[in-house]
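Let me begin by presenting the structure, written as structure tokens, before commenting on it.
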């Protein structure tokens, strides 16, 4: 009975934000439809492109599941960081920062997320996929963070399940850098999608890249769904970013790192630097 009550409470908490997201998708579709109508009436060639609605049954299911994933996530601010199983995406051996390859022609070595953590340095963990526009649009900003703060922190990009697979809840191609990736059928598909992302966006060599396993254990443990960023320090969650896409904020990560860097000169308690913006 207690478990049923907890599930009901979580559902009631989710409903208002779920409906607000549905309203946003409806408004978005209306604006895009109006734009297509204007272009059609003006006989513009741009109107000939395919119009993809965002407010669909598949979209509603994905949005609802994303809120459930966030509500039931294992990770909590100040709590132990889940040591999820992941697949390491190895760099190429030709010395090029932008060259990546899979080991044995398939996937890299299986390891764990905290294998990349150093007890003396914070680990910034950035979760996302190629078909998530808010994530890919922030990759250049993430690269700058890596370049600027790699002297005091480590960085890890975790490639997860596609947010908008082309054979699922597909997003409209809003920019030339948009990706079309199908649902991952196996680990090789997921690693290949990660390679495709890294071929398009050259990440600094200081940033390690891994892919979530096909059981999506990292995605579930950290409640990612679309995108999320967190900071692990001494095996604990020192910063927990909000649920993407609306509360995915790298600027707050920059602020945390600036505070953390200052802490080296003027020691403060870890609690003073901890921030939680998750909903």
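Glycine too: its Cβ is placed from the backbone N, Cα and C atoms.
Annotated in Swiss-Prot:
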ACT_SITE  132  active site
TOPO_DOM  1-7  topological domain 'Lumenal'
TOPO_DOM  29-279  topological domain 'Cytoplasmic'
TRANSMEM  8-28  transmembrane segment
Around the Cβ of residue 132 (active site), the count of other Cβ atoms that are within 10 Å: 23
Whole-number mean of pLDDT values that fall within the topological domain 'Lumenal' (1-7): 67
